[in-house]
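According to TrEMBL, the features are:
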type     : residues : note
DOMAIN   : 3-246    : domain 'Carbohydrate kinase FGGY N-terminal'
SITE     : 8        : site 'Important for activity'
BINDING  : 81, 82   : substrate binding site
ACT_SITE : 239      : active site, proton acceptor
DOMAIN   : 256-441  : domain 'Carbohydrate kinase FGGY C-terminal'
Ligand SMILES: Nc1ncnc2c1ncn2[C@@H]1O[C@H](COP(=O)(O)OP(=O)(O)O)[C@@H](O)[C@H]1O
Ligand SMILES: O=C(CO)[C@@H](O)[C@H](O)COP(=O)(O)O
């Protein structure tokens with residue numbers, strides 16, 4: 001039997017999957033790592049933690065599977081997007097990585113918008129948002145200039161891990177699109193943007209396709225993991241591009257919802273000349289010359305894990321969420337907004353914070369749990385509505401990510417989005433997408449579409465219930481009011497954070 005491996009470098013953990021030629025996940029492993037929040041708005045990880053835990057996860061995957069290393073033909077990556085890893089000439093990280101959900105860069109975003117004005121949208125195809133990489137580079141330029149001077153390259157999280165596994169530096173288009181330094185439609189680094197901020201283009205790594213072979217494993221990595229040094233490594237892609245591949249979002253009209261640490265509503269796009277005025281992100285796909293648009297909730301699964309860790313740390317997700325389906329839609333008048341680290345879509349606002357509105361003496365832990373899930377899902381509905389208002393039909397949504405493990409949440413998505421929700425055999429969309437990039441790269445299939453047809457199997461679907469849809473429509477209108485009603489309160493509260 002032959003296999004490929006998909007490695008998904010998520011925000012909460014690295015997940016590895018061993019996939020056979022039929023697309024069956026034969027084994028999976030996962031190792032968590034910490035997130036550092038030294039100040040409000042800061043979010044960092046230590047790149048060494050990613051490397052160590054990836055190696056542990058690969059070793060465990062091999063041990064539990066009992067598969068002979070020679071049977072593993074290829075390996076590829078999916079990674080949390082935008083995080084800045086600055087390395088020196090020896091490939092050593094100069095500081096902790098500044099992550100996608102770090103919002104310290106509002107001033108740098110204003111600088112980018114001011115300097116580039118309309119050029120930013122026409123070249124990079126996206127607005128300057130705190131989470132993207134260029135604002136983070138500018139933050140280092142302004143606050144830690146001596147570090148930027150020592151930097152030989154900037155990398156994104158999975159590119160750094162891949163470098164440590166292969167010794168090769170590269171970045172694929174789907175991840176490069178999230179830096180704001182890429183000419184997205186032209187598929188090259190924008191010297192115009194780099195020069196506008198006095199950044200040498202030599203800081204940008206070589207660009208590759210997601211399915212491109214970039215090398216094999218270093219001998220010491222083969223020793224540490226038990227994999228063969230001859231295992232071929234394919235570049236991989238941004239986690240959302242890989243999630244889209246793993247969910248089969250490979251042609252027009254298909255929509256995905258991912259509830260991981262962040263939440264994403266994503267739709268395939270062939271046309272590179274479409275202008276969404278920066279309301280949604282517009283990025284290169286992992287498939288050649290294709291694109292996707294997406295809206296992002298900064299703290300989707302993260303809101304639920306924050307809630308669990310803060311108020312019910314001793315409970316598992318399954319225990320915490322037991323019984324929430326017995327509570328009516330609307331959690332008996334309790335409304336939550338998931339802005340606990342600021343927001344992106346549709347409110348690019350680093351300063352907004354979350355709220356529980358309507359707390360009543362009768363509310364119990366399970367009402368709060370349900371309200372958190374509803375608030376997250378309402379936030380994703382805002383992105384669904386942007387797609388619908390742009391003329392896209394959204395009748396069916398493939399749901400992936402940790403949130404897809406919970407049946408009640410899948411039904412809630414159907415009722416809040418008024419669309420059929422499809423759950424796949426494996427909710428590991430990004431890791432599966434990475435495995436598919438390796439399978440396609442190895443030549444198992446002539447196209448990613450054919451790989452998707454063979455690998456992706458729906459497990460169950462959830463139809464919207466018209467009564468609950470109507471109830472949620474009313475609540476959604478209330479939810480949408482909360483942002484405007486709490487914005488200035490949060491501006492005044494900032495001084496106390
Ligand atoms: N059993 C579960 N039920 C509901 N949600 C869950 C469950 N397990 C995990 N989650 C949610 O999934 C999130 C993690 O999803 P995952 O896709 O692994 O994230 P990432 O790729 O960002 O590391 C958690 O923050 C949590 O909110
Ligand atoms: O910032 C974005 C997309 O623009 C996030 O979606 C990150 O890519 C993190 O993903 P998860 O860890 O939540 O999967």
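Each residue, glycine too, has its Cβ placed from N, Cα and C.
Source: prediction; values computed, not measured.
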Under DSSP, is residue 8 (site 'Important for activity') helix, strand or coil?
-> strand
Restricting to the same chain and to sequence separations of six or more, state which residues have a Cβ under 8 Å from that of residue 239 (active site, proton acceptor).
-> 8, 9, 10, 78, 79, 80, 81, 260, 430
Including all protein chains shown, what's the count of other C-beta atoms within 10 A of the C-beta of residue 81 (substrate binding site)?
-> 29
Taking every residue in the domain 'Carbohydrate kinase FGGY C-terminal' (256-441), what is their average pLDDT?
-> 95
Within the chain of residue 82 (substrate binding site), which residues six or more apart in sequence place their C-beta under 8 angstroms from its C-beta?
-> 99, 100, 131, 132, 133, 136, 156, 178, 179
For residue 8 (site 'Important for activity'), what is the tally of other C-beta atoms lying within 10 angstroms of its C-beta?
-> 31
Per DSSP, the residue listed as 'active site, proton acceptor' is which: helix, strand or coil?
-> helix
